[in-house]
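**Student:** First the structure, then my questions, so here it is.
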Amino acid sequence: MSSLPVSESEGEGSGTSVQVPSRGGQVTPGEKAFSLRTKHVFLTYPRCPISPEEAGQKIADRLKNKKCNYIYISREFHADGEPHLHAFVQLEANFRTTSPKYFDLDEFHPNIQAARQPASTLKYCMKHPESSWEFGKFLKPKVNRSPTQSASRDKTMKQIMANATSRDEYLSMVRKSFPFEWAVRLQQFQYSANALFPDPPQTYSAPYASRDMSDHPVIGEWLQQELYTVSPQALSLHAGISEEQARIDLQWMSDLTRSGALESGDEACTSVGQQELERLLGPEVLELITTGSTQ
């Protein structure tokens, strides 16, 4: 099988794989065009009876002009007995293809991914092989980050955390030592500042002085009108008068307290119970009814 055209790009770079178009490789509305650019390729051929050796030789032949460093092919079996192949390919330089059929083996099409963690991907391919095939030597990719530089940055950050005494000082020190990170990750640094220097717990202070809420503008009015209201039944039990007389006396008290009738010189009720309650309006009446005492 002749190889399909590919283009090669030099230099380091992370690979990118996207959705493979359906319908014979034609891009349909809503789908993205296939593109692969990487040094490390991870392939999975589901339900593929081809042997690892045959598959490996075909892939190696297809990549013979691409400076291929290493190929590893393993075969595993599903629980239903169907075989599938895993293939890991390492190239010397980045290569790019826009053909979703580039790694097809006869009629078997693989799932194609750029292996962003080459060593872990190779280890995954080697986990439970029934058989395998190998070509070349795997070269562990170089880590771009300098260990010395990373250790120095960690040391600087530890010093900032140890020496800062407030949120503002912490953020100021971070901004001075790591200006770029401060600009693009300010929200994360603010979060860590809040964690390092939390607000002191606030002591609860009741908004109203009285424990019974009688000084509350709404609850206090409700207490006076509802909770401290004496029923005719309660008054008749205490004063030894009929319930009807108690109702008359309570109505008189209501008129007295709500309209200021006493100041206008209206004649008072002669009921003994009424005369007592006249001096016990509000919370005192509730205490009187509860304790049964007029003293």
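Placed from the backbone N, Cα and C atoms, the Cβ positions cover glycine too.
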**Student:** Going by Swiss-Prot, H84, H86 bind divalent metal cation; tell me which of E76, E92 is listed for that site too.
**Tutor:** E76
**Student:** Select from 42-45, 70-73 the stretch of residues annotated by Swiss-Prot as motif 'RCR-1'.
**Tutor:** 42-45
**Student:** What else in the chain is close to the region 'Oligomerization' (192-204), if you only count residues 6 or more beyond its ends and a Cβ gap under 8 Å?
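**Tutor:** Here the qualifying positions are 161, 164, 166-167, 170-171.
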**Student:** Would you list the other residues of this chain near divalent metal cation - those whose C-beta lies within 8 angstroms of the C-beta centroid of E76, H84, H86 - in sequence order?
**Tutor:** T44, Y45, S74, R75, F77, P83, L85, C125, P129
**Student:** Which of H84, H86 has the fewest nearby Cβ atoms, counting only those within 10 Å, among these binding-site residues?
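**Tutor:** Relative to the other binding-site residues in H84, H86, H84 has the fewest Cβ atoms within 10 Å.
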